[in-house]
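Engineer: Structure incoming, see below.
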Amino acid sequence: MAGPRAAPLPLVLQLISLALVSATGGGGVILREPPELADIHDNGPQGPALASAPAGAPQEQARPLEERLGRLEAQMTALREQNKELQARVRRLESCECRPASAQCWGLGRAWPEGARWEPDTCTACVCRDGAVRCEPKPGLPHCHGCSHNGQAYGHGETFSPDACTTCHCLGGAITCTEKLCPRGPCPEPGACCPHCEPGCPGGHRAGETWHPEPCVICTCQAGTVRCQGPSCPELNCLESYTPPGECCPVCRPGCEYEGQSYEEGANFLSSSNPCLQCSCLSGLVRCVPMKCPPSPCPEPVPRPGRCCPTCQGCTEGGSYREHGQEWTAPGDPCRICQCLEGHVQCRQQECTGLCPYPARPLPGTCCPLCDGCFLNGREYRSGEPVGSGDPCSHCRCANGSVQCEPLPCPPVPCRHPGRIPGQCCPVCDGCEYQGHQYQSGETFRLQESGRCIRCSCQAGEVSCEEQECPVAPCTLPASGPQLCPACVLDGEEFAEGVQWEPDGQPCTACACHDGVPMCGAVLCSPAPCQHPTQPPGACCPSCESCTYQGQVYANGQNFTDADSPCHACRCEEGTVRCSLVDCPPTTCARPQSGPGQCCPRCPDCILEERVFVDGESFSHPRDPCQECQCREGHAHCQPRACPRAPCAHPLPGPCCQNDCNGCAFGGKEYPSGADFPHPSDPCRQCRCLSGSVQCLARRCPPLPCPEPLLLPEDCCPRRLLGLPAAGRRGPGPPPGAFLPARRPLPPLPLPPRLRVLPAAALPACALRPPAPGAVLPLLRG
């Protein structure tokens with residue numbers, strides 16, 4: 001805290017010492033400037049300006065020094081006072097570095113505890129609250145309200161100067177004034193306290209005056225000397241700069257120009273002459289660094305014009321160029337993903353994983369179906385929308401591609417025998433269900449139990465029954481006497497009184513003979529204990545031994561599909577049909593299809609050469625066994641079959657691949673395994689086929705009795721030439737023992753060690769043979 005305020009003191013002391021040294025020396029006196037002004041003076045654009053003492057007598061030269069010493073003494077006095085205040089402030093700050101735990105206040109050079117009160121003067125009362133001093137004027141003291149001087153009001157404790165030589169202080173309503181002590185000076189200045197003589201500067205500028213001769217130059221008149229300096233501008237690091245209007249310092253022109261091109265500030269670009277240089281424009285300068293090529297993802301990258309690093313070979317398809325590794329969707333088929341790999345386009349079918357049982361159809365332009373809805377029975381359902389289940393006793397809804405069903409709760413009914421209406425789940429009191437049969441309200445029906453006749457009626461879900469008594473027959477059968485009990489005759493057949501029977505071919509009719517009159521009526525069947533009973537042939541009442549469902553009869557335990565709702569699997573159990581939703585397996589294709597009468601979507605089949613193949617099946621082409629095909633998305637994708645490498649060296653060509661080792665293909669011919677054959681180009685070698693491999697060996701020649709056999713060019717083994725007698729010659733020819741020269745020169749032949757070409761004179765007699773007319777003997781030379 002005391003450093004900045006105390007700094008002028010050493011400076012003043014230095015100035016005093018310099019002034020005293022200069023005053024005690026002889027000759028002319030040169031007043032040295034303070035370091036700050038000297039630095040500013042040296043950096044100015046006008047060049048250094050010297051401040052020399054005015055010429056004249058020594059008394060005139062010493063007068064300015066005396067004036068300066070007087071001002072320095074006044075400054076010393078003020079600095080001493082400031083130094084005292086600073087020392088007190090330092091001591092106070094040092095004492096405040098470690099504050100006590102309780103809140104305290106500082107006033108009048110001491111610490112006050114929390115809540116303490118004191119009076120710094122007679123007009124002010126202070127109190128310490130929460131570690132802060134709060135002072136207020138004391139009430140009821142008119143003299144503490146302030147002071148008035150020359151019509152100007154001043155507050156209590158305020159200090160003011162009515163003129164340059166007087167300092168006044170308002171305290172307790174009274175004004176106390178003191179005059180400044182001035183050193184002796186020869187020329188008083190009007191309005192100034194202390195007289196002094198400051199020399200002016202050329203141009204009518206007074207001492208201390210500051211002005212701007214130019215917009216960016218500031219000048220000051222100091223001790224009769226004009227000191228000017230220009231702006232302090234930062235150093236620029238750019239090739240081109242300019243000074244904006246109204247500014248003093250130049251700035252770098254934004255942007256760069258490089259190789260005939262202009263670039264904005266901060267732009268990154270490649271050099272047009274060397275694509276391996278990465279350049280940037282920063283502060284008007286272009287900086288370029290060589291690029292480092294990343295490792296290539298392919299084994300044989302290709303250099304490209306205008307590029308630094310070699311790249312993998314791209315692909316061109318459909319008029320569009322694709323980079324290596326780039327993937328795209330085939331036009332018109334969003335489920336076909338293609339990729340460029342080193343100049344070759346490879347396509348694959350997109351796999352849709354994690355499908356739900358009943359996914360919604362894919363959006364246009366997309367491949368995989370979505371689970372945000374349901375597709376069931378050929379209809380789209382939104383998630384949360386009710387789905388018809390075909391079962392009136394359950395409530396189903398679409399839940400993100402799945403169907404969730406809950407049983408419907410039935411409210412209680414106020415009747416004991418509520419009936420069921422077809423197509424509804426909950427029983428109602430509009431009819432009656434009694435012993436497995438349904439009756440309408442108001443209907444009357446009969447029951448036969450243990451030979452008793454019971455008459456029942458249905459009224460609003462309530463069944464009431466009563467037993468009917470039949471009168472006793474007046475006679476018994478057989479009877480005697482002239483009076484016979486009456487009998488009944490029906491369709492030519494007689495029935496005794498009271499007998500009950502079933503007419504032929506009418507199983508649902510029951511007849512009884514009553515007082516000689518046949519009484520027939522429909523048989524009352526008790527309700528079947530199942531929901532879908534079957535009426536057996538020749539029987540009157542329905543039976544639960546099978547199920548009748550939508551006009552079709554199904555045996556107990558039989559599984560079937562609901563004809564109206566193919567997504568419901570049903571089963572007949574004890575005369576009752578129970579149905580549930582089909583759990584469809586996930587499909588492997590992107591666009592499954594549902595045909596008429598089908599519930600679960602399935603991948604489309606492929607038809608190739610009038611044959612049907614299921615999705616995902618791999619098969620051989622029906623007409624070209626050398627192509628292997630696979631059915632995907634209803635299309636057969638075929639490619640040449642990959643041939644395994646044959647385990648033999650000379651396999652026979654098969655229907656697709658040449659890997660049949662049951663024979664040999666050698667020299668353009670085929671041989672069965674175990675066959676021997678001559679070498680096609682070397683008659684002296686014999687070959688054999690062994691399971692696709694060919695072994696060739698040199699022929700064995702038979703031994704000859706001649707000691708020096710001859711080898712002819714067309715022969716493999718040497719032969720013996722025998723001369724014939726003259727009588728054996730036919731027609732004119734050369735005499736015996738004569739030889740004909742060869743028609744053309746022959747190159748020397750390599751012969752075995754025991755074979756050699758002999759001159760005619762050296763041939764033994766056993767090797768001579770009269771040649772035939774026109775014959776050539778190529779082996780004889782000389």
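Just so you know, glycine gets a Cβ as well, placed from its N, Cα and C.
Unlike curated records, TrEMBL annotations are generated automatically.
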Engineer: According to TrEMBL, which stretch among 62-96, 237-271, 727-761 corresponds to the feature coiled coil?
Structural biologist: 62-96
Engineer: Examine the ranges 37-62, 349-374, 479-504 and name the one recorded by TrEMBL as region 'Disordered'.
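Structural biologist: It is 37-62 that TrEMBL describes as region 'Disordered'.
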Engineer: Just to confirm my parser: what is the rounded mean pLDDT across the domain 'VWFC' (254-313)?
Structural biologist: 85
